[in-house]
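Asker: Have a look at this one.
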Amino acid sequence: MASQAGSFKTLGLTPVKRSTASLRHCSNSRMPSTVAWHSKLLFFSVAIKADTEYLVQSDRLKSLNPLELDASQRTICLPGTQQDVLAAITNWLTAPADSTNVLWLHGVAGAGKSTISTTISQYCRNLCRLGAFLFFDRNNPASSSPGGVLRTIAYWMAMSNTHIRAAISNAIMHDAALAIAPIQTQFQKLLLEPLNVAADNILGPITVILDALDECGNAESRESLVSLIVDEFPKLPPVFRFFIAGRPESDIASRFRGCSHIAEMQLDIGTEAIKHDITAYIHERMRNIRQFKRSLEPEWPGQHVVKTLTEYSGGVFIWASTACKFIRSFDPKRRLAIILAAGVSNDLDELYTIALRNSADWTDTSFARDAHSVLGAIVLSQMPLTDHTIDKLLQFRVGRSAEVLEYLGCVVQWSPGQAARILHASLSEYMADSARSGGNPWFVDSKIQSIPLALGCLQILKSQLRFNMCDLEDSHILNSDIPELSARIEHYISGELKYAKVLSLLGQVPIAIASLQIARDYVQQTDTAFQNLLQDGIRFLGGFSPVIAQSATHIYISALPLAPPGVFGSQAIFPILPADITFSPDGKQIASGSSDKTVRIWDSETGDMIICNGHNRDVNTVAFSPNGRQIVSGGFDGFRFWDSKTGVLISTVPGEYRIFCLAFSPDGKQLASGSDGKEVQLWDLTLGVVVGEFEGHTDSVKSVAFSLNGTRIASGSADHTVRVWDTESRTLLTGPFEGHTDEIMSVAFSPNGKLIVSGSRDRTLRVWDSATGDVVARPWEGVSLITSAAFSPDGKRIVAASIDHTVRIWDIQTGSVVAGPFQHLNRVWTVAFSPDEKHIVSGSDDQNIRVWDIEIDNVDTEQVPNDDSGAISFISVSPDGRHLASVLTDGGVQVFDSKTGVLAVDPLKHGPDKVSCVAFSPNGNQIVHGGSGGKLQVWNYRTGDATVRTLAPLQANACTPSSTSDSSSGLAIWSVAFSLDGHKIVGGFSGGIIKVLNSETGDVVADLSGQHTGHVFGVSFSPDGNRIASCSGDGTIRIWDTQTGATVVGPILKNTGPVLSIAFSPDGKYLSSRSWDSTVLILESETGLAVSKFDAFTDVAFSPDGMQLVSGSLDMTVRVWDLKTGVVIAGPYEGHTGGVCSVAFLPNGKQIVSASDDNSIRIWEV
């Protein structure tokens, strides 16, 4: 609100000027000298008091920290337009008071509501009757927060009237924290009570304007504000009136309609008056364009064109505005012709599409990529960004954003060095909606494009934050007393930097609170520990904001030392290394035991924590009693019982041995313990004595578990065995179960008691028949030692934790990973299911306890080949996506289960002939491979049979070139592919040989040799099987007819060196090729013409729908590209530690697989 800010500065000087002028008058008067002197003295005292009160009040009002609003760029209605609407509104505002004190103007997007609101604000300002003008913009969330509305109204109403200012200032004097008080309290103390006090001294109505209420937060965040307008605004004195404009969103309309104090006005768009207004608007804008482009004819574009554009607008002002802005840029005649040719009629989406498509050359991949990023930054940012700030956030070279924005004037309001804003909320909604703009290079995907913005913010914080940023000389001085603070801020703090102490200097502490609240809500379902830390930050800033707002340095010298214990989460300051963790039976609490000698009890919903002190050494294990009322904890100093609600210590049981594990019986009457005493002890909790000692293990007992009926106890030991004990006879019932090759870290019964799962340091999970000890499934191999395992409450899944920092969930029936890995930053020691099976909780050496939503978190699986394998050079995906075949640099072949990451069958050893290429058969049952020996072999890998069927060895024939630049003495196979029907196999050989074989008999059915003059590095069947594409070391690509053997397209010579791979798109219309210099071309398969070019790729693959391309690169990243626009739509995916050598989509199109020189295969969620 630039104009209101100007009024404030003038008022600040007025009392002093008035005092001086009055004193001169007294001096020049002819009254008696004594009377004159006393009059001057009295007046001077009164004037000083008034000036002092004004300054004190103004200083108090600053604590309200109003939303930053700048109306300087807002437009008002053209003269003669919207006359009926404006007259109706002004009549209501100036009419005698009645029962209505709120006027609600609503209409469709782009109907002109904001222009009307700005015009009304100007009208009220001219009458000195404007209390406040607030306008919201979803593209500027920082200035559109519902939590800032009431304090901003209070601030500007106080600045508009001395009586209101005195009353609100007095309220702040009695409660300095009103700016961060609940919104109900703000209404009571900042509006209702002060305005009732001031009302008797105010003549004529004072108007508060709220424009675009539908863009003030979202339905949930503005619920309290809407409720106040409905329930509390009728209580305000009738001299105060509220004009509210916006779209009739359901949450607003459902509350406003039917309220006796709210008058309703709908802005129609189909009336003749609106058509007249839009015609006048277009005439005026065309006149401006003619002034801007002097070469245009004086009458251009003519009355008939203006009439056509008016009809096209359909009564929607934003349509006319956007069309005029589009026409004004660069070549008006051409752009007008584009609009007229499209024949768009009041369809904003189509107009936006046309305007954006024709605003620039989107086939320029560099521009498309950068424009996509810039638009994403503008749409997603929480505050308006200048081009300089966008360059910083996106790590562009200086000036790049400005270059891009020059082309986007039809949709972005911007000038160099100023903040860039999307012209209208409907345009932001269009660009952020995949159903409306998806597939276009200007589509803004919030999930993907928020990542570089977040990383840019963190990079700025990392590089620029430091202690005492403004070089303050005195740590005890208030911000208001710092000499030339504004100049220091300008010099030391960049425009893109925000942080608690920086916000203190800038006077923007409430922004930090709002930001922390957003972050807390974002991580609410995924990261309890971080949520607690954020909540502590909110409590800290809320409690100390008056101090922090007054002095940045007092964050350190006052606020932090006086903060209550536990604020900022002691887990972030003092190490918590959870050794064990468990849910309460009702899932409402979590208990953890830690190496810091404490037991902690957490509220699983809020994260509130109780710390239980009583152990003298590390706590290794915790367990809830079946009724949830008690917790038992065990460690190196015996075990203790705690009240789960209060954390009070109930009793202590000293121990002779170090306790590793504890378990309650289902009825809660007994307790089993395991220790380094090599035995399992059974305690009677009623008597408090040991009633059974189960001996048999030869090393420490690391885990114990009761069966659901309480008649059995399973124990796992460092002696590598599992044993099952009878709780009644106190004897060994079954076991030892042998098979593990290292100590067992965890055991658990299935809910029906029929199965036992054990996790071991040997990296395997084993599932046993609890009655016989038989292994009921092949051991499931993880990538590191298993520290903890548990059944889901329905018995269908097993969750396991590992020291590779991850948690995974396995399906009992298939043995495959169905969720995870859920990633910690350090070793995970304990894990458990919640009773409702919707969550798992895990504890790690990263000092965090995390609660995961297993219905939402995605699978992001990493498979690591055997340590003795060579590096991976190529991968292929089976048609059903269940298996991955990899070719190793040592010539071997491995087949992995894509869900679990474990080997599906034993590896195929290379023998004397090294394998260089593989392909799955269409039914997925076979793999064809070829290599240095010139043999094509078919492997029935699903049978587990190590034997392979060799097709007839192939020899060079007479048509093979006798010498080439890259030929070798032997006949090697470089590439291979199955036809879609599985009846044929094509092989690419050294020396330019291509042969098509019958996949059953091995007979050669077509010979395509003699055209290429180098090794054939790539071959691919078209989806219909009628064509074969090949690429060669001679730098050419050819497309062949499989029936005749003739070249139907080519040779295509688009590359500057050997072409290493070739593939048809799923619809057969395109080819992707990759050359030795990492250049990728997309070619039309019918003509060989290049339609797209990409650089620096080591491998590419089409998505199943042919709309996307996945790429791997030497920079160790994987990206997904939109083929139509050439824009990155997913990634970069980072995690490999070596160059990516091979990539592919899984058949579901939702996952991609990559292989790397770091000897790993990774599967990523797209």
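Heads up, the Cβ atoms here are built off N, Cα and C, so glycines get one too.
Features from TrEMBL:
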DOMAIN    88-247  domain 'Nephrocystin 3-like N-terminal'
REPEAT    581-612  repeat 'WD'
REPEAT    612-638  repeat 'WD'
REPEAT    659-685  repeat 'WD'
REPEAT    694-735  repeat 'WD'
REPEAT    737-778  repeat 'WD'
REPEAT    786-820  repeat 'WD'
REPEAT    821-855  repeat 'WD'
REPEAT    908-949  repeat 'WD'
REPEAT    1009-1050  repeat 'WD'
REPEAT    1090-1131  repeat 'WD'
REPEAT    1133-1166  repeat 'WD'
Asker: Averaged over the repeat 'WD' (694-735), what pLDDT does the predicted model reach?
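Answerer: Within the repeat 'WD' (694-735), the model's average pLDDT equals 91.
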Asker: Of the residues in the repeat 'WD' (1133-1166), how many are helix, strand and coil by DSSP?
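Answerer: Once the DSSP states are binned, the repeat 'WD' (1133-1166) shows 0 helix, 19 strand, 15 coil.
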Asker: Within the repeat 'WD' (659-685), count helix residues (DSSP H, G, I), strand residues (E, B) and coil residues, in that order.
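Answerer: Here the numbers are 0 helix, 18 strand, 9 coil.
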Asker: From the DSSP assignment alone, can you count helix, strand and coil residues within the repeat 'WD' (694-735)?
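Answerer: Output for the repeat 'WD' (694-735) reads 0 helix, 24 strand, 18 coil.
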Asker: Mind checking which residues reach the repeat 'WD' (1090-1131)? Cβ under 8 Å, same chain, six or more beyond either end.
Answerer: 362-363, 365, 368-369, 372, 439-441, 445, 448, 1054, 1061, 1063-1067, 1069-1070, 1072, 1074, 1078-1084, 1137-1145, 1147-1149, 1152, 1154, 1156, 1158, 1162, 1164, 1166
Asker: In the repeat 'WD' (612-638), how many residues does DSSP assign to helix, to strand and to coil?
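Answerer: DSSP composition of the repeat 'WD' (612-638): 0 helix, 15 strand, 12 coil.
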Asker: With helix taken as DSSP H, G or I, strand as E or B and everything else coil, how many residues of the repeat 'WD' (1090-1131) land in each class?
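Answerer: Final tally across the stretch: 0 helix, 25 strand, 17 coil.
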